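Here is what TrEMBL records for this protein:
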type	residues	note
SIGNAL	1-19	signal peptide
DOMAIN	73-124	domain 'P-type ATPase N-terminal'
TRANSMEM	118-136	transmembrane segment
TRANSMEM	318-340	transmembrane segment
TRANSMEM	360-386	transmembrane segment
BINDING	ASP434, LYS435, THR436, GLU527, PHE568, LYS591, ARG625, THR705, GLY706, ASP707, ARG790, LYS796, ASN819, ASP820	ATP binding site
BINDING	ASP434, THR436, ASP816, ASP820	Mg(2+) binding site
ACT_SITE	ASP434	active site, 4-aspartylphosphate intermediate
DOMAIN	842-1096	domain 'P-type ATPase C-terminal'
TRANSMEM	873-894	transmembrane segment
TRANSMEM	906-926	transmembrane segment
TRANSMEM	956-982	transmembrane segment
TRANSMEM	994-1013	transmembrane segment
TRANSMEM	1025-1049	transmembrane segment
TRANSMEM	1069-1093	transmembrane segment
REGION	1100-1122	region 'Disordered'
REGION	1144-1164	region 'Disordered'
COMPBIAS	1144-1163	compositional bias 'Polar residues'
Amino acid sequence: MNVCLLLTCLWIMTMCCLYVEKERHVKANAQDYNDKFSYAVSRPQNDTRFALFTSVGCGYFISAVSECVILQDNHIKTSKYNILTFLPMNLFEQFQRVANAYFLVLLILQLIPEISSLSWFTTIVPLVLVLVITAVKDATDDYFRHKSDQQVNNRQSQVLIRGSMQSEKWMNIRVGDIIKLENNQFVAADILLLCSSEPYGLCYIETAELDGETNLKVRQSLTATSDMGDITKLMDFDGEVICEPPNNKLDRFTGTLYWRDNKYPLDNEKMLLRGCVLRNTEWCFGMVIFAGLQTKLMQNCGGTKFKKTSIDKLMNTLVLWIFAFLICMGVILAIGNTIWESWIGRNFQVFLPWNALQSSAVFSGFLTFWSYIIILNTVVPISLYVSVEVLRLGHSYFINWDRRMYCSRTDTAAEARTTTLNEELGQVEFIFSDKTGTLTQNIMVFSKCSINGQTYDHTDWLMSFQRILNDFTKTILSFYDGSLVEAIKLEDPAVQEFFRLLALCHTVMPEEKSEGNLVYQAQSPDEGALVTAARNFGFVFRSRTPETITLCEMGRAVTYQLLAILDFNNVRKRMSVIVRNPQGQIKLYSKGADSIIFERLDPSSEDLMHTTSEHLSEFAGEGLRTLALAYKDLDEDYFDVWTKKLMFASTVIENREDQLAVLYEEIEQGLKLLGATAIEDKLQEGVPETITCLNLADIKIWVLTGDKLETAMNIGYSCNILRDNMNEVFVISGHTLLEHILGLSRDGNDRSNRCDVQYVFSLQVHALEPQLEHVFLDLACLCKTVICCRVTPMQKAQVVELVKRHKRAVTLAIGDGANDVSMIKTAHIGVGISGQEGMQAVLASDYSFAQFRFLRRLLLVHGRWSYFRMCNFLCYFFYKNFAFTLVHFWYGFFCGFSAQTVYDQWFITLFNIVYTSLPVLAMGLFDQDVNDQNSLRYPSLYKPGQQNLLFNKRQFFLCTLQGMGTSFLLFFIPYGAFTVIVKEDGSHFSDQQSFAVTIATSLVIIVSVQIGLDTHYWTAVNHLFIWGSLTVYFATLFAMQSNGIFGIFPSNFPFIGTARNCLSEKSVWLVILLTAVVCVVPGLAVSFLRVDLFPTLTDKSRKRQGPQEQNLRRVRRTSSRRSAYAFSHQQGYGELITSGKNMRMSTVSSARSPERTPQSPTWIENILQKKNEVSDEITGAKQTQQQQHTD
């Protein structure tokens, strides 16, 4: 049976790996039909035999290829192990580390009596300790991943099962199921929207979990399915969807619904993606298209990558070097043994006979080679890896416990979600950051305005508005100007017209949840800020219908007839509305980019334009987002003629958009300027200061965002990524490969020879094709800052991978949404911002905290300290172990190369894990060259980590050379002394154990003194561990060579009284003192000379001679460059408003204009009907062509 199961599993995995899904076929309410397809390899429900086989029958190997198996249920799995696969998989991963495999081989060699002169426990105890500690850490990490997976998989959702809605766990939802979502619920899978509680099948979603944006987005179902609001119709629904296979493109979906002999095109506007939240919609139904790991959210998460630090990679190289060095020493000693046995040893065979295996001197040398490999193996002590894991764990806890990285507003502390990358935080050269939600709060605040040549500013403190104007004013304002309030009270016509425009010219939808509680749902936060500003100053947008807009102006209800909306697009860069006021006047209100509006002004506004332009420059200089506002009175006859032209243009098939643009251009001429607005896109707290500090640390910051170019550049100026003292800001954009090649090559040639590069490269990313990536990277790396716009989630990861692959630099990616997950996983270090934007980025990250400003402390304090401590720890550890181990090498020349050890085996076992482990751990945990204030005050102290100066191959060579020198002196000074000194009773020191005790004691004292000299920051723990280790050494030494321990274990502790007899001699203490002084003083002298003659940045800062940092205070920008992009809503949203499809019927009816009857269709409705008919004709024609092409 097990063989059959194994063959079945192999066949399933083979078919899944070979099968490449080209299109997805899904049929509603037809699970048997869906199960026929190769993508639908499902796990049998409640089949424990299959589950057991998955874990046991295939073991580790099935986990290695599990990515090939695609399940159609909604189960997600981010954990690596289960109970049965943990042990084999974890051991396999651990023995991929060179050092662990090395010590396993040594353990096997030690089990061979003919070549081992040490007991097996000297290796197996530390090896098991390392494996257990690492396994516990891995198991703990995976346990939390399991808990997270279970929490998500066990969420409840309503699924249509056998004619009724039943509560079902997310993990059991299948492709083809019909599920019901209610307001404020997360979307369980990628579903096709079928119908909703809103008119015309509309619903509103928040995509913060996907892209970090909190503004609402609109989705609309097909008209054919929008009326399926009851269970009976849903049960009868048997439509089949043929669509694209699973992919990671969040903004694109292509498919077709086949139902009742009709074909309906599907796009992204019909889909609700997993991770979205349903908002302002009572309920909706949807059909599951992609589930589980196939959803776009999970596809963007990418595979979990095992991240190793640069020090880990260097350590692997050094271990190979040390192993080669160990082989060389073994060969030298083996040759020495062969020569000694040939020339001298054969003369002593009467006393030292060869055993049966020792047939010749050459074979004796061969056995000696392996014996010395075992003895000298401590040059790479396994305790090193135990200590490294302990240090990393401690550094992680220091990050978690840092109160200065705690956000009280959200009650969120910093969290180190991994323990393996702490020292890498001290070597970062490139930071890749998202914009929305990471640098900014995605909150817009109406900050300043210019009205009729007069600027109005807010005070520096928040003031309560005592509802003197209207009942809908928010009680706390971020904008308050007394003179502006007085102007409104005095009914200044320009001021009133200004705020009337803000209240009328927009696409915001109001929702009055209770009396006086008015909530605006805006497609973009900037529009919401403008309408809220008008509301706060007495012009309250109350309601709208497809035909009217109702305001409350200074407490009076006023209804305007909505005649037309001239919608925004990226070319027009403006939006206009045409309304008829209660007096019968027709007015056009327009807002947009100042450069666009100024070109269309009436000559009478020229003087005002110059004044307003100066104000706009001031606003832009402060990094505010600006808009120009204008209006125009329209003649009735002219408007009637223009309307007829508009109706005709709206019904043509060819060049419709161009003809409409011409008509819009015609009527938007001769405008009269009202003023300008300035909106602050609120940054996260401390962003400019953090970026300035990181720039001083020579860290390059690249912003990767999906926003428009203008948006990204304006935020760049706001947060000090772009600065006016830069020589040049240039933009390269293009729509074809040829355009990019020409642009990149031209700018690269012009600037490649300049040494004072202080310009910025801002790129709309089309440049990641293989032909361009090298040119793009070379030019980008010349720049102070890079801003990549219109970047997809996968392109973010590609940019990071490009820098990783070609620059060999440590990269850090920071983001807050699911669209940043790929980038976070690709970078060497991933940081997630935890907040209102969801937890996807946090779950995929290595470190997380609440605000961007904490990145400064994470890198410059914790990262630099971790790197500094780890480097000092490694240098000292290699020095200590070379000094300890190479004594055996020197001794080999005086013991006939017999592989006899200098120290007894208990000292060899305990030296690294007891006598010297705690002091070096204390130094690695608590040492600091400068305190945290100076680390932040002098950011250039961070640069040595970027340049790998503290621990590299050169530093390794120097510390090992020092260790070799110490071992040489440590052996030959006592050896020479013991040949001439005598005991107090006149006898000679003739026993080897007294010599061993003298060398061991000298060694422990020397390494203790050396770590004291290497310690920069003393704590009580350092004192306790150093003095305590010396005490433990002497206590253990006297105990193991006492009468009592000999009486209990006579065979293990045979040297009775050696320590007592040896260390009671004054001459021995003189030898120990002489050895310690000679070994320590040269290094101490070199350190003093280096500090005086070649001081480092750290030495200077400790002497209060810190490096002079560049002053990068914000300065007022005087450039005329201004941003005008307060339109981030979707193009065509104005048409959605005028059609009334996004409004409930009760709202439309209650707010309808009294002079218009419901039965009479408006000209707008006629136009929209004709446009929809033409659109349907075009869509049908395209589908026919596509079908013919397919056939």
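Any Cβ shown, glycine's included, is placed from N, Cα and C.
Looking only at the binding-site residues ASP434, THR436, PHE568, ARG625, GLY706, the one with its C-alpha closest to ASP820 (Mg(2+) binding site) is ASP434.
Sequence-distant contacts of the transmembrane segment (318-340) (same chain, six or more residues past either end, CB-CB distance under 8 Å): 98-99, 102, 361-362, 364-366, 368-370, 372-373, 376-377, 379-380, 889, 892-893, 896-899, 953, 956. Considering only the binding-site residues ASP434, THR436, ARG790, the residues lying within 10 A of ASP816 (Mg(2+) binding site) on a C-alpha to C-alpha basis are ASP434, THR436.
Fewer than three CB pairs closer than 8 A are found between the transmembrane segment (1069-1093) and the transmembrane segment (873-894), and contact between the two stretches is not assigned (pairs 6 or more residues apart).
Of all the binding-site residues listed here (ASP434, ASP820), it is ASP434 whose C-beta has the fewest other C-beta atoms within 10 angstroms.
Residues 97, 99-100, 102-103, 106, 109-110, 112, 114-118, 123, 126-127, 129-130, 133, 319, 322-323, 325-327, 329-331, 333-335, 337-339, 341-342, 345-346, 354, 877, 881-882, 884-886, 888-889, 892, 897-899, 901, 908, 911-913, 917 of the same chain, all 6+ positions outside the transmembrane segment (360-386), place their C-beta atoms under 8 angstroms from a C-beta of that stretch. Through the fold, the transmembrane segment (994-1013) approaches residues 876, 879-880, 883-884, 887, 902-904, 907, 911, 915-916, 919-920, 923, 966, 970-971, 974-975, 978, 1026, 1029-1030, 1033, 1037, 1058-1059, 1061-1063, 1068, 1071-1072, 1075-1076, 1079-1080, 1083-1084, 1087 of its own chain, all at least 6 residues removed from its boundaries and within a Cβ separation under 8 Å. In the structure shown, the C-beta of ARG625 has more C-beta neighbours within 10 angstroms than that of any other entry among the binding-site residues ARG625, ARG790.
There are 35 other CB atoms within 10 A of the CB of ASP816 (Mg(2+) binding site), with all protein chains counted. For ASN819 (ATP binding site), the number of other Cβ atoms no farther than 10 Å from its own Cβ, over all displayed protein chains, is 31.
Computed over the domain 'P-type ATPase N-terminal' (73-124), the whole-number mean pLDDT of the model equals 78. Spread of the ATP binding residues is 33 Å (greatest Cα-Cα distance among ASP434, LYS435, THR436, GLU527, PHE568, LYS591, ARG625, THR705, GLY706, ASP707, ARG790, LYS796, ASN819, ASP820).
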